[in-house]
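Structure first, commentary second.
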């Protein structure tokens, strides 16, 4: 009989506050902050400092280890999240559900931006393309091609009519979205452009690169009469067509440059919601905050600058006259030129504790300060700063829910109720079932550890050679014992005894005993450890393991061997040699028959512990194996490695049963529960993952077939994307292409449509035959085809088309042959009678006409169908348009009626916003005045 095994599946992932792969973003209300957490997005309540929900794609819809790469929030409750495979998911933040998935990019999504209304979404990617998406219709509108390298940022201009994109190719491109072409290419940057942003009033566009300065551009808008209007610091300058033909269409005009304080490259540039602050985050530990001065202040500053120049020139006037030269500096005051330093003034520099990954301004303007800014750091930490006129204060840090660096060891308590994890500066105690952090204890770099029975104490072996005794109840380190002269690499409990063994880089293996002592009746009880025996080895010890009967101790050494000794006499028993590189981990089975070793040579070796013979050597991982663990009372083994994978083995049959994908970096450690019902793994990506055993059985042969199918599918995907084909050259002025991409989903959707058309055709033929038979008088009861699910042939085909995702419809129809496209066109007339399907019918008709235009024109059979559709579609669209127009007008009328009855609903919000803005500007002015007064007093004293 074929043996069945039970499947392990991912159950929980915890310990990640903010990963480094993506930006952070506030939601539209400002109450929640969205942070990337590897493949998920965490929604943090800012005031409470807790994660209220996670946006996690289902395992079936996402690929393995698919990281979040970009986040954008819309004015409504919708959030767009870009992933490493190029997909974009639109989430409803209130419900926590995925509304739609948009597939179009072939590389990771690197930039996302909504327009002001939230109806359009622009995305940039590592595939060098920019795609514009219709969020309401859930479809891709078009693809803009022209950049020669990864797109780094996108921003909408001119009420969403234009789009500016930046790229690593050092160029900005301005796209006209109405005509779908590149209007302007802006050069001048000496290095890759990393971020761009525009202020809410669309006066200035700022770009940041690795250059030592920020570049500013003034934005030219089109007025109602067709003339272009340039807004330079509040002054509208009209251009009446006197410019050259090239300059006439330029939207961005260089305004100037501003020197940065930091030498690091720019990471993110963002204006706050009111537009009076600009934050420049660099690829280091600082964020420079600039204040954007209004028109009056900037002009005043410019006047003072000119005045200082005039004063300086007056002093030098005598010398100038003596040399026989004339001075023209006095004429500068007549034409006042506002420069970038007159508008943008550095007021604060925020310094974080570690390197900053991303920043986000809160949309809520606090009463006591200018703004609140959130920072995500590269050590899994969130910090919030309040920006004031003369200082920045850290208001909150979210740090307890995760480690600052790699999770180097995980260990479960004897009853599986507690989990202890170690890192470079802390030990954390978790509840493995809920993923909540119960205790955080400051510690040295912990490399290994275990929880003693009764769950009161934990032991941690550190890189400095100490043994730290942790009191779990109080969350404190009771004592740090100087145990070894080198790092403690491994700790193993001695079964049935109050003892444990440690192995270290100082070539010693030490046996310890522990006991709970109480000095006096008043003093609390404390755990004491004492060294009982020491065994000297020839080389550094990397791992130790004790057999379940406490008869043997296995020691892995740096010389690639494993030495087995008797525990009682410490006499040599066996030497296991065969690995080409040092053994990093090992474990002994519950029955004491087998020992499994994992090495840096990527091999897993299974040995018999009776004679030391190697049963099998398996090439287990693509990188070093870091940990192996037996499931108790079985010969099943889990192994983890630096290839991000967890593997499940049957070492009696020497077969790989399962490969568990989920981690995004090296997996360092693993712990298996006593019953084997779950396992826990810790990784370099700072996440701790729990994998649960399910009741679903599987067979080895089925899993092998599944793996082969997956390999075949990846090859197919490579074929879709034409990775090996020469890339077509995009002209310098850019090009437009279809937004979607060919994928497995679109091909299977095409197949389902073709099947539906064939079934419907057969059914229609049966129906006509039946009618003929009926006319002849041979009446037999007509039996409809059960496959049609009680639908008519036309409805069945419509059902197949309705099931296609809106974003994939274009690519699905492109794959249809011309003969089937003709059949589909014939059904459209009947479908137009359904008012809910008019939009779908119009889209199908448009795509088919654009794709097969030449063939349709030359096919006489298609003309009657097209003639009927021409009359029908226009009439149906006009009906829908009229209905929508009527409804909009009615709602507008209701809004006006409500506004006349009560001022509260529609007027107060706008008025309040203006009040807040005016209050903030007054407050700023008052602060500036008090500062200047203090300076004057200081000068007077001196």
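Start at 1 and count along the chain as shown; that gives each residue its number.
Heads up, the Cβ atoms here are built off N, Cα and C, so glycines get one too.
Annotation source TrEMBL lists repeat 'WD' at 61-101 (among others). Mapped onto DSSP classes, the repeat 'WD' (61-101) shows 0 helix, 23 strand, 18 coil.
For the repeat 'WD' (102-135), the model's pLDDT averages out at 93. The repeat 'WD' annotation in TrEMBL covers 102-135 (among others).
Non-local neighbours of the repeat 'WD' (144-185) in the same chain are 107, 110-113, 115-117, 119-120, 122-126, 128-132, 191-198, 202, 205, 207, 209, 219, 221-222, 249-252, 730-737; each lies 6+ residues outside the stretch with a CB under 8 Å from one of its CB atoms. What TrEMBL lists as repeat 'WD' is 144-185 (among others).
Across the range of the repeat 'WD' (186-220), the DSSP-based residue counts are 0 helix, 21 strand, 14 coil. The repeat 'WD' annotation in TrEMBL covers 186-220 (among others).
Taken from TrEMBL, the feature repeat 'WD' applies to 400-440 (among others).
Summarising the annotation, TrEMBL assigns repeat 'WD' to 481-522 (among others).
Long-range contacts of the repeat 'WD' (576-617) within the same chain, counting only residues at least 6 positions beyond its ends with a Cβ under 8 Å from a Cβ of the stretch, are 542-543, 545-549, 551-552, 554, 556-564, 623-630, 632-635, 637, 639, 641, 649, 651, 654. The feature repeat 'WD' is assigned by TrEMBL to 576-617 (among others).
Under DSSP, residues within the repeat 'WD' (618-659) fall into helix, strand and coil as 0 helix, 25 strand, 17 coil. Per TrEMBL, repeat 'WD' is recorded for 618-659 (among others).
What TrEMBL lists as repeat 'WD' is 660-692 (among others).
According to TrEMBL, the domain 'Small-subunit processome Utp12' annotation covers 794-896.
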Between the repeat 'WD' (660-692) and the stretches 61-101, 400-440, 481-522, work out which stretch tops the count of Cβ pairs under 8 Å.
-> 400-440
Intrachain neighbours beyond the repeat 'WD' (618-659), with Cβ under 8 angstroms and 6 or more residues off its ends = 5, 7-8, 65, 581, 584-591, 594, 596-600, 602-606, 665-672, 674-676, 679, 681, 683, 691, 698, 700, 703, 707
Kindly report the helix/strand/coil residue split of the repeat 'WD' (481-522) according to DSSP, in that order.
-> 0 helix, 25 strand, 17 coil
